[in-house]
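Per TrEMBL, these features apply:
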DOMAIN    163-229  domain 'Cadherin'
DOMAIN    248-349  domain 'Cadherin'
DOMAIN    350-463  domain 'Cadherin'
DOMAIN    464-571  domain 'Cadherin'
DOMAIN    570-681  domain 'Cadherin'
């Protein structure tokens, strides 16, 4: 961008002020117009809106979005990381500004930083009406007044500068400043053109770091009214490393001088006076005399940690003021430079072929693969990562790195089968955790072949299916057929016989033919047995071959038992109590239960016993399929009574149960029931006799 420097008359007048205003107006119009044209022409990476506003209403609630920022890196917005200057806020995946917690003291301004490989940009969020937390906005920090037009595309702000003529010493005098919105550490400012590097040379200078522009002597407006100077932003490597083909910045030395910074007394220059050790070259490093940047001046192949006599160098640095003149004062410091490792050596297998053997059916480490790597041990440039690139379609193998010695431990994780494959050939690749430097690649020695021989082992017979599930009715006769067991020997290359035995039979119900494998009953199967769970009975059998040594395998038999109506129903509860003077004749609600399952259970039929006369004192009313109400037809004296009942299920054929309900007639006073002095239990015969006498009397 061009820089215009005007030489004014020493006393400013109204005309000069108007000229200045007009120039500034044209400058900003040109900048703004150029910006708009550029933004229309192409996508500008970064925040598409740089300034946002939010109303403050006493605070912000956790997880409630405040606003949505507009951000586009012009490449899909992948892996963009956002950081908010106020740690109480974050940018979520939907680009919303969200509080991490309930926030009251938000401050009146915050900044949002967005960065990825394509863009590094910042936006400002102003919180209207909030108590001030920070005294400066971003524009104030940068020294930009509100009249400055906002620019998101142009990197340099270069306003025109005005210099009064015939100024008196001291020189140089600051006349203005060039601002870069994306100034980086590896960039510097330079001036080119008339008054800079063209005649009259040296009139103007620029601080290569800050952009401050200064005039070095008095000017004569009648001689030259204005200067047209080009300002450029260049890479640091262009300024310092152009003549040095191998220069890499290592570190920066900084010295301080308490003298007036506007005089040569504080202008410092740096120099290296000694390097220890001085091998392989006494001039391995160079220091920029003005900035203090130390760079390498040795070919990369000479700066090899593995071949250097040491990995640490000491430089004696002298800083001298008065711009390095002979009369300048000096200060000395030592810079220690450690040559760290780069991954410039690929790992190499010590052998191109490794061999191992493993028994079929086993797992574990079978061979350790060894490699050589000349890089620094215990670093990512040395640590090895192994992978199987061919020969393992079923993922039977796995390889891990031994962190102690960097060896690759090849393991069998899924047992191998001799009968399926006697040999396996694997191709193994080794790499480093850290990527190799660009000029180094992995060669043939970074791969190796592993031959695995599978050893035959006598394997036990295998049941099929396992488990074997069958359905049988309970109560089938002893000697009935239950199931046929099937087992085969995996060692089909050998001729072996198999014998069957019962390994676990909890109820001792089964026997098995040792040669044929047919299972029969030796006792009655009972579905209601405590050994039966969820209608299933489980037994375990073993098959053994005649190999040397013999091997065996186990298989499970599950018998699902179908129900037979072989259990009579019973009544609950079996005891009931009632007050002798009770006005409520309802004695108790009773229910029926059955150990069998549907359809051999409910609905139950509950009736009075067949003894004559019971119906004159007792009554049974059906409530539902399982319960009935027992009632008295008249009061009874305090005593214990046994009420005969008949309970019948719904099985085919049905089963009935003659049972009794014990009824205690008790004395009840003040909500207390006393059954302790009830008369002796009245048997059915006494009860019947009493009922007969009552029938005669009445």
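Backbone N, Cα and C define each Cβ position, glycine as well.
Keep in mind that TrEMBL annotations are predicted by a computer and have not been checked by a curator.
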Cβ pairs under 8 Å between the domain 'Cadherin' (248-349) and the domain 'Cadherin' (163-229), at least three: yes
Secondary structure content of the domain 'Cadherin' (248-349), with strand meaning DSSP E or B: 6 helix, 39 strand, 57 coil
Helix, strand and coil residues within the domain 'Cadherin' (570-681) as assigned by DSSP: 3 helix, 59 strand, 50 coil
